[in-house]
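Step one of this worksheet: look at the structure below.
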Amino acid sequence: MELYIGGYAQGKLDYVLKKSGCGLDSVVDGALEDFADIGQGKEIINHFHEWFFLKLQQKEEPEKIIKQILSKRKDLIIISNEVGCGIVPMEETQREYRERLGRCLCDIAEKADRVERIISGLGQKIK
Amino acid sequence: MIIVISGGSGSGKSAYAEKKILSLRESEPLYYLATMQIYDGEGKKKVERHRTLREGKGFITIEQPLNVGEAAYAVEGRASVLLECMSNLTANEMFINAGTGLPEGLQAEARVMDGVRRLAKRTKHLVIVTNNVFEDGKRYDEGTMRYIETLGRINCRLAEIADEVTEVVAGIPVEVK
């Protein structure tokens, strides 16, 4: 399993597609679809943070769901924005989102075989 | 030795900072300088979480939400100190000067840096946790912008005097200096 993180609009998906040789048909978009039952043909989860936020809004526990998915699928590539590097928001749901997503990404990074941070379309391998 | 550890919310910077100071510490006393002022249940929860993380690791906790230099008198000579965190300390220092007509940003910067230097003289290892609040690209009200600028300047000053600067990303330390 691999994790690719970085700020907004840093070219993360392009970088991962190019590197992995996968096509767009192997990508699940977390902003648009739930991937709890992710199929074998899909290898890349894009916009992981958007999915995480949706799950929190639905009062579900995204940490548990992704843990279950990753226990079955060791081949997945996860792409997520980093959202913790700003002023702590006034709104409680936003604060909770940042904090919980951050911790979840720490867990995923710990399990991942490879972690890269994408800046301006370039990958910085940090694990 | 001064070590600065930076990262965003939930980046794992606290856990890493603890690991770091525990790995450096030999037999000298070990202190945790807590800077957070508790206003509500959420703050309380946060403090509790950090307390649990530190439990059983031998830290002596000093509550120092202001005047961090004063802690230099409280720690026993040549100690190892974990100071957490700069974003709270800066906010606290700016807040008490707000409305007094004093340029709170510059005041806070001078007080914080003076305090850190005094602490550094008394300690064997000083690990300072700070926060990356700079990358959400938003324009805030004047007071918040001044806070961001002040913390930014403090981070630059800290990095200048630090022997090591590390950024923590998803729990992974990335060397900066």
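Every residue, even glycine, has its Cβ placed from backbone N, Cα and C.
As recorded in TrEMBL, the features of this protein are as follows:
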ACT_SITE  B:H50  active site, GMP-histidine intermediate
BINDING   B:G7, B:G8, B:S9, B:G10, B:S11, B:G12, B:K13, B:S14, B:R51, B:T52, B:L53, B:R54, B:E63, B:E84  GTP binding site
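Shown on the structure are the features that TrEMBL records.
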residue: B:G7; record: GTP binding site; DSSP (3 states): coil
residue: B:K13; record: GTP binding site; DSSP (3 states): helix
residue: B:H50; record: active site, GMP-histidine intermediate; DSSP (3 states): helix
residue: B:E63; record: GTP binding site; DSSP (3 states): strand
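The full span of the recorded GTP binding residues, B:G7, B:G8, B:S9, B:G10, B:S11, B:G12, B:K13, B:S14, B:R51, B:T52, B:L53, B:R54, B:E63, B:E84, taken as their largest Cα to Cα distance, is 23 Å.
Other Cβ atoms within 10 Å of the Cβ of B:S11 (GTP binding site) number 26 in total over all chains. Listed recorded positions: B:S9, B:K13, B:H50, B:R51, B:L53. Those with a CB under 8 Å from a CB in chain A, in sequence order: B:S9.
Packing around B:S9 (GTP binding site) is summarised by its Cβ count: 25 other Cβ atoms lie within 10 angstroms of its Cβ, all protein chains included. Cβ packing within 10 Å was compared across the recorded positions B:K13, B:H50, B:R51, and the lowest neighbour count falls to B:R51. The binding-site residues listed here are B:G7, B:L53, B:E63; among them, B:G7 has the most other Cβ atoms within 10 Å of its own Cβ.
Cα separation, B:S11 (GTP binding site) to the residue listed as 'active site, GMP-histidine intermediate', rounded: 14 Å.
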